[in-house]
Structure formats: structure tokens, C-alpha cells
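For 4-173, the entry in TrEMBL reads domain 'Glycosyltransferase 2-like'. For 255-279, 285-303, 359-381, 393-415, 451-475, 482-501, 537-556, the entry in TrEMBL reads transmembrane segment.
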Amino acid sequence: MKISLVIPLQNEEENLPELINRLVPTLRSSVKTEDYELLLVNDNSTDGTATLIDRYAAEDPKIRAVHRRIAPGFGNAIKEGFRDATGDIIIPFMGDLSDDPEDIVKLVQKIEEGYDLVYGSRFIKDGSASDYSLLKLIANRAFNNLVRLLYGMQERDVTNAFKAYRKEVLERIGELEAEGFDLTVEIPLKAHIRGFKAGEVPVHWHGRTRGEAKLKLSQNGSLYGKRLLKLFIWGNTIALKDLFQQTIKGSPIHIIIALFIGLLILAGILFLSGLSGVYLSIKNANLYFFLASCLAVFMAFPLRTWRWSILLRTSGHTLPRNIIFNALLFGWFMNYLLPARVGDITRGVALKTTANVPLGVALMTIIIERILDMIMLGLLLTPALLFLAPKRFLSIGGGVSVIIFLLIFSLFLVYRFDYLITKKLKNRFAGVHDSIRELKEGLYAITKNPAAMGLCLILSLPIWIFEITSIYLAAKAVHVNIPFFSAIAAGVTTFILQALPLTPAGIGIHEGSIAGVLALFEIPLKAGTSLALLDHLARAVIVYLFGAIATVHIGFQSRRYFNRFNRQRSEDDGAP
């Protein structure tokens, strides 16, 4: 593949001779880079840079001169070079000798492995940045980590201009707006939003020894921030539109009705409990216990991620933990927005669109999770059944048994009567045959690994201990002392009832079940409702905060899938 190096130059007559003397022999020395062109872009230089560029271009047919006399700026110079580049791989290369020519071959090799763009990273293993000031380092790491948080990216050096792009990436990301150094952020983020496959290699950066630095931290900080925010908003309008269209179907009237029912239940509970008393209890709640309750809720998610990763790996799909974590939180986020446990399905969709896990396999592992949860909740309920109030909780224990039976029976039906199900649904759902086949294969693999199932069941214990601890700490926050066994009984009842997907986030059901169960232990309804509301608030804080971030990450990470999906649909629509 032919390589185009775009080199912006503004008053670099002191650096240009050494740049050419180092760059050209390095490119010629490797078979991967011997087919190259250098585009020396003179960006309104006032010294002898233009004369040197013309001289080198006259001496070497692989060196091309590009002169700019309007609109100076790093971004404008790079864009001018992009327009003139004829290579299959295009690499911006700094004219101040800060980039190492020896690293070019690593970028090209990574592109040849199948990546669409490759980041040259100074801040990964075997990378380096010499003569890099502490202030710049702090600003750089803060900004790059913010990018990773907002966009769900793994690459660690988005701001480094030294990257390799396939030509089609630059052609398909749309018009570039940046005129300055923020172009180094605009290009990779647009490529990320469009779903292009990115890689990363370590590179070496050296501080300028001659000439004047063009990048001024004080001048470009706000420019980078504005570009980041603008692309974040634009990217989400694209990414979330496709994702939500794939996961949310039907009329919004069902959501409105479910929300209304939940609020109606909650209003009734507040009326019976005394609204003013509940308000005062929450207003005077202990902030530290509330934050501890939030922490307990959060701590369950890494354990859920671990458990789900075991089920997926046992079914034949080994995935990075961050993808599983994001998919899990995305599902919870959707469950807190929509009724009917839509989030359980969206978890499967998230894995399908980001990691190519068959939807049937993902949903099968989620059903197994539910079975393990119900078994563990039943075990946790045993002390209440045996010692606290056996008659009162027999019905709850029976409910647990019924739910476990129904979940196992549903898997058995799919496994045993897959042919009939496929025959009935094949006209309504494309690919249902493959999904059921993959579900059966994954289920068979899991049942053949009892050790994995045992570990998943063991992990279910601390998961639910953290969930119940949240209720206990919420009680402490509103100055209500309840035995931990009472919190277990209330928590188990609540989580079982929320398996019935009536309202978004279990609104009303959560508060009613906790307050109702605690009333059996002579806890006043006002106190029970207050701690239930605070516990629900702690869950909402964690789910909405981290779930929103995970949803954005899933949206961006699913772009490659939706790009393929939309292209295929367009081709099918245009077919005769």
C-alpha cells in the first residue's frame, strides 16, 4: 500500500533539512514503507521554509510541495495535505522532529492487520515522551481520560497527531471543521463515532530543540474542550438513535400507562404513610449512610459482571470485562426507564451489537442468572421462613419456587421443542432458527460445566448481600434500626416482586413491598416508606449515573454493527 505523509511546516527552516535526512532513508529501508510520498505543506511561512520545500520537491519526485497563503493554522494545513494525498494510508507527521520516523512502520503494520486507523500512543507500554513538561502532561492525561470516559474508548493518546488512517476513513467521516490543533481530536472521534476499527501502537515523542512551538496550552485548552463537547452531542444523536430504534419497539402509551400505575401505587403508599412525615424523614437523612447505601448498590455490579462473564465464557464467548460491564449497566438503565424488563433484552442486544454474541445465547445466560438469583434469594429467605415469621413468608417462599420452576421450564421448552418454535416464528423473526440453535449449544456447554455454575451461584451470595445491605444502610440513614434479618426479608420480597415487570424501575412496587414486609416486624409504615424511598433513590443514583455513561459507550461501540446493518438494508432495498 502507498503511504502519504502529510507534514505541516510553518517557519521550520532550521528543522526541515534534518527532518528530510532522517525521514527519507527510514522510509526507504523497509518494504512496508518504500512506496511513499511526502507532502510538505508550507503554512504561510515567513522564513526560508518555502524555498527549502521547493528545492526538495525538485530533487525528489516522491516529495511534493504544497503552499498555503491564506487561513493559517495547523488544522488547515493538514486538511490541505489530505486533499492532495494519493496514498492508501495517510499519516500526519510533525515537522519539528517530535515524531520518530522509526515508528511509521509500526503504524503501517497495524493498518495491514486490518485496522482502519491506528493511534500512535506515547503513554502506553514501550511508548515515551521526552522533554514533556509536567503541566502539559497533567493537562494531556486529564483530557485523554475524559475522552475515554465520555466515548468509551480504550486508546490512551487521542490528542497525538501521529496516527495512520486508511484513505477511505478520511473520505467517509464527513467534512472536517477544525482549523487548529483540535483537528487531532476531531478526526479520530468522528472515526470512532462512525464505527471504524481502531488500533494502538507505542511511539516515541521528543520535545522541540529548534524553532518556536506552535501549540500553546493556554490558547488551545478551550478549543479542545469545545470540540470534544460538540462531537459528543453530535455523536450521541447518531449512536443512540440506532441503538434505541433497535431496542425500543411499540407505542409509548404502554410506557406512560406503566409509569402512571407506578406513581399511583406510590401516591397511595405516601398517603397511608403520611406524606409530611416521610418528607421530614428523608430531609433529615444522614448523608454518609445514604452514600454508603449507594456504594453498596454499586459494589454488586462488578460481581454481576464477573458472574455474567463466567456464563458467557462457558457458553463459548470470552469478552472483555468492560464490554460486559457496560452491557449490564445499559440493561439496568433501560429497566429503570421502561417497564416489562425491556432492559434484559437490551443487554442481549448490547452484546450482539458490540461483541457479536448471538442474541439467543445472551438471553439464555440472563435467564440462568435469574434462576441463580431466585435460588439464592430462596436460600437467604430460609432464616425468615424458619425463625422469624414462618407463616407470613411461606407464600413468598412458594413464589420463589414458582418463578424458578417457570424459568427452568421455559429453557426446557426451547431446548426440547426448538423445531416447533422455529416453525411458528420463522416468518415473524428472521434468524430465529440460528438463535435457538446457538441457545441450545450454549445451554449444553453450561450444563456440562457444573464447576462454573457452582461459582456463579457462590457469586450470587455477595451480590444479594450488597443489595440487601443497601436497604439496611438506608434504614440507618433515616434513623431507623432494623435487624439485618428483617432487611433480608424485605429485600428478598422486593426483588421477587420486581421480577413481575409492571412498572419502570419497580416504582411503587419497591416502596410498597419493603414498607409492607417491615410492617410485619412492627416497623411503622412511615419509617418503612421513608427508608424504601431512600433505598430506591440510592439505586436510581447509581443506575442512572453509571447507566447513562454505559449507554453512551454502548452506543459508540455498536456503530460498526449498525453501519454494516444499515448498508445491508440499503443494498437489499435497492436490489431488483
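Placed from the backbone N, Cα and C atoms, the Cβ positions cover glycine too.
The list of residues near the transmembrane segment (451-475) in space but at least 6 beyond its ends in sequence, with Cβ under 8 angstroms from a Cβ of it, reads 289-290, 292-294, 296-297, 299-300, 303-304, 306-307, 310-311, 313-314, 368-369, 372-373, 375-377, 380, 481-482, 484, 487-488, 490-492, 494-495, 514, 527, 531-532, 534-535, 538-539. Only pairs six or more apart in sequence are counted, and the transmembrane segment (285-303) with the transmembrane segment (482-501) gives fewer than three Cβ pairs under 8 Å, not enough to call it a contact.
Long-range contacts of the transmembrane segment (255-279) within its own chain (CB-CB distance under 8 A, at least 6 residues past either end) are made by residues 338-340, 502-509, 511-512, 515, 525-526, 528-530, 533. Of the two recorded stretches, the transmembrane segment (482-501) does not lie close to the transmembrane segment (537-556), with fewer than three CB pairs under 8 Å once pairs fewer than 6 apart in sequence are set aside.
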